[in-house]
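Please read the structure below before turning to the comments.
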């Protein structure tokens with residue numbers, strides 16, 4: 001087995017583990033193909049640490065005499081330290097960890113080896129199929145159809161086999177539109193607003209180039225979503241400047257002359273490594289041990305993380321506003337349509353659609369708007385805040401989306417079925433997981449890797465009642481309304497649950513959460529008791545009545 | 001006042017709505033602005049500044065900034081009227097005599113006995129007894145009877161038993177404004193205490209035997225420790241500069257067994273400017289994230305809050321963990337000293353974290369020890385350089401602690417906000433004047449009402465639903481995280497952007513939980529009744545008891561009525577280029593808070609046309625003493641139905 005070659009020292013004794021909020025412990029360190037395990041000689045023999053190699057973002061080695069120290073920085077932002085006696089052991093272990101945490105081949109990843117210890121009630125791989133989503137749609141409208149034009153991924157390699165498009169547009173037209181859109185990502189339905197029949201579509205940029213190439217079928221496709229005499233909005237997630245520059249590379253944007261029924265709005269949302277650098281700076285600031293208040297605020301500011309949050313949320317609110325308040329259809333795209341576009345379309349749905357604020361609905365949203373929509377998870381989440389690789393494709397796009405959801409959740413604490421732990425779970429699993437859900441960059445790759453057959457879905461695990469209960473928001477009360485978040489700087493906060501998770505104790509906040517839970521549980525318990533007694537009384541009293549009348 | 005309408009804009013977006021004419025009569029203590037069923041009161045005492053702005057097509061705008069952080073823009077069609085209003089407001093906002101203040105005409109319709117009861121709600125004698133003094137080490141001293149020794153101190157103070165009148169008087173002569181060391185908090189578990197004073201008049205070398213004896217006496221009153229901390233809350237540089245003026249700080253060489261410590265909290269002028277800078281940031285229209293964070297940092301506000309907290313934490317630690325007594329002072333010992341002593345007490349003693357205890361704490365460390373409320377909060381026209389948000393900072397420290405320890409306080413954020421409001425409102429007598437002496441001379445207790453009674457009456461609105469007397473966070477000393485903790489201090493939008501409803505969380509967890517708890521209580525009662533009935537029924541079943549079949553479904557469903565969804569229903573401006581003031585989201589419903597609030601119920605008492613109301617003053621009083629509406633029952637207003645709301649501004653780009 002190739003893992004064995006990488007593990008030169010599988011085991012080291014008297015290793016001391018330091019990590020936030022716990023006293024240091026001494027134990028035996030073991031390396032396996034996918035895990036780093038430290039077990040102390042505690043009575044219950046429990047492992048103190050069980051860390052996936054794929055969760056390791058970077059490692060550093062230090063030596064003082066023959067005592068080596070490895071500092072491990074994880075993708076979930078945790079930093080731990082291992083003191084390993086013996087220089088050779090330490091070096092061996094460090095190089096093994098380095099090799100094991102940066103395996104090239106997807107098929108060597110842990111999800112392919114993971115054997116679940118739980119019973120699968122519902123297979124997560126089959127829980128959110130486009131067909132099922134479409135069934136839901138066709139119960140409210142018949143203006144759309146499910147097209148299998150991409151069934152062998154030949155029209156658009158990053159799209160799923162089945163996409164929803166206007167009924168009036170045939171597959172031939174779709175093929176032609178695909179040649180006019182970056183990466184073949186022709187406009188498809190992202191969200192249908194039941195309330196007024198307006199649609200949100202998403203795509204990639206049109207390939208107009210410098211000479212203003214046009215495509216009849218393209219305008220016909222998006223016009224098919226418009227009501228007679230109504231205008232629609234195109235939200236371009238790039239600034240006008242960037243969009244214009246894109247023409248030189250064959251890209252571009254929809255010109256008014258060719259799309260007279262559409263109004264274009266440019267919103268500037270950052271992408272790629274700018275976001276990654278922002279994350280790196282923010283995490284650096286959060287881990288800074290200095291005591292100076294000023295430095296904290298200016299570092300927070302300099303990271304620009306909250307600026308990105310504000311921009312993304314603002315654009316999403318704008319899209320939602322066009323649909324709900326203006327009664328207009330919307331097309332969202334940036335360049336590739338796999339990053340900022342998805343942030344906007346998915347957040348707009350959270351604002352507009354109460355279904356997306358339930359656990360199941362949110363899972364469906366992640367599945368539909370991120371996984372099936374072809375967000376390249378494997379590239380984007382290859383490294384996190386401690387990486388030095390600086391690859392252009394590494395970018396916390398999905399992480400920012402989760403943070404934005406957290407911001408809305410914070411402003412509407414009673415309108416979500418899930419709590420922030422659920423969002424943290426998704427953040428962790430997007431970066432490192434025993435499940436196959438976030439492997440691969442699109443459905444095409446997942447299909448080739450046979451993930452549904454060879455790995456377990458995150459949803460299969462999380463949707464079991466015993467797991468689910470941890471992620472339920474006790475304050476949840478179904479809210480059928482559109483929820484408009486505030487995007488004022490005063491309303492946006494640092495997501496402490498993630499960024500300060502390892503640098504401040506959450507004991508008192510956890511206690512408060514528990515107290516809140518108790519208050520609500522007790523209320524429910526009483527409610528049940530009272531109802532039972534009422535029923536009992538009613539029965540007794542009717543019995544009496546019957547006895548009396550007889 | 002010929003104009004039939006004014007227009008008003010405020011942060012909560014009564015955007016350019018027509019207002020009924022306000023008659024000059026209601027200008028006596030406050031302005032009333034009315035739009036349909038919404039009334040807005042601005043107490044003159046709350047007015048911080050009035051600014052005449054450039055005339056526009058609609059009229060002459062007057063910008064009024066309030067001390068409770070409300071900002072209101074009035075647009076008065078006629079230039080002449082505007083000037084009249086401006087002149088009157090300038091005058092009315094700066095009364096020169098105490099008798100002009102609202103509390104002397106405010107009448108919540110309570111009789112004499114109720115008023116007296118109200119003033120008795122918080123008693124300091126009881127409080128010192130609760131702490132465990134007088135005892136073997138501490139005694140009450142009447143040396144300041146009739147305020148002979150120190151006119152800004154209370155007439156009764158607790159001092160070490162071994163400190164004779166001679167020592168006290170001698171010490172007082174060696175302290176700024178004769179504010180000699182006196183007991184602020186006593187910890188009965190270990191005899192450690194917190195004492196407070198002003199700076200010593202030590203200059204570069206002066207000594208005072210009695211003052212040295214006084215500090216010795218404080219040390220001896222804590223037999224468990226052989227030294228005391230002397231904490232000077234000023235930055236070292238400031239304290240040294242004071243030496244040139246014959247003041248200064250204690251030298252460890254002259255005082256035996258002290259450990260001296262500087263804790264750099266800035267002076268009132270720095271704090272005033274800092275708040276000013278922060279408020280400018282809060283007022284920015286559609287600021288970017290960077291504008292906001294930069295501005296917040298440049299204001300230095302959170303740094304100052306942290307300095308005060310750090311001082312409080314240091315003292316609480318000395319008392320609780322080391323068992324060492326602490327003497328705290330700054331310059332005069334009535335600003336920073338009050339902040340620091342009260343923060344330390346709050347950390348040390350769970351009692352101060354209850355509603356009643358918090359009132360007691362403010363009475364003890366602020367009111368009785370001569371915090372200069374009148375000067376600091378500008379109740380009467382005075383030197384603007386004396387104004388400083390000293391108490392605001394203390395209140396914010398409490399809020400910061402509440403954020404870190406959500407279960408530790410019996411009261412909620414609203415309680416703090418309302419106390420802040422009333423420090424400026426002059427509606428109640430508690431915070432009038434600069435000292436106990438002045439208050440007694442004015443016969444405050446006979447002529448005005450106590451805020452504490454008013455808050456206590458409405459305590460249900462101020463409860464923290466997460467508080468439980470037997471919870472671990474409500475026991476013993478609170479130990480806030482100290483390192484690294486910068487990110488623990490957060491901007492308090494609930495206070496400084498309090499009137500911008502649009503930026504706050506649209507659903508309140510506190511209100512939700514309060515409603516749940518209320519329902520729980522009803523359920524408990526019902527459960528008892530049902531069990532009783534069931535028992536009875538079982539008993540009388542033999543007799544076919546007919547009397548039991550009363551309507552049982554009378555209250556079958558106690559649904560939670562939290563109208564929190566309705567306010568979720570308005571988008572805001574997501575495009576950042578709104579030209580008109582104010583900048584943020586359209587109306588969120590007319591939610592209000594206590595003293596300023598009027599809902600439909602009490603509109604009857606105030607005829608829309610106020611000139612028609614014969615008894616102006618009482619009409620107004622009725623409105624102002626109404627219990628806080630709380631957030632639990634917001635009047636729902638879907639802006640979709642509101643023809644005046646202007647939303648979707650983004651389309652004008």
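Cβ coordinates are placed from backbone N, Cα and C, and glycine is handled just like the others.
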Listed range which TrEMBL flags as coiled coil, given the options B:485-512, B:513-540, B:541-568: B:513-540
Region 'Disordered' according to TrEMBL, located in which of B:384-437, B:600-653: B:600-653
Environment of B:267, B:268, B:330, B:331, B:332, B:333, B:334, B:335, B:336, the listed substrate site - residues of the same chain whose CB lies within 8 A of the CB centroid: B:198, B:233, B:234, B:337
DSSP-derived structure type at residue B:336 (substrate binding site), helix or strand or else coil: helix
Binding-site residues (B:267, B:330, B:332, B:334, B:336) in Cβ proximity to chain A, threshold under 8 Å: none
Residue B:330 (substrate binding site), number of other Cβ atoms within 10 Å: 28
Fewest Cβ neighbours within 10 Å, where candidates are the binding-site residues B:267, B:332, B:334: B:267
Residues that sit under 8 angstroms from residue B:336 (substrate binding site) by C-beta distance, when 6+ apart in the chain: B:233, B:234, B:265, B:267, B:308, B:311, B:330, B:390
Rounded mean pLDDT for the residues that make up the domain 'Myotubularin phosphatase' (B:118-496): 95
Mapped DSSP class for residue B:267 (substrate binding site), helix or strand or coil: coil
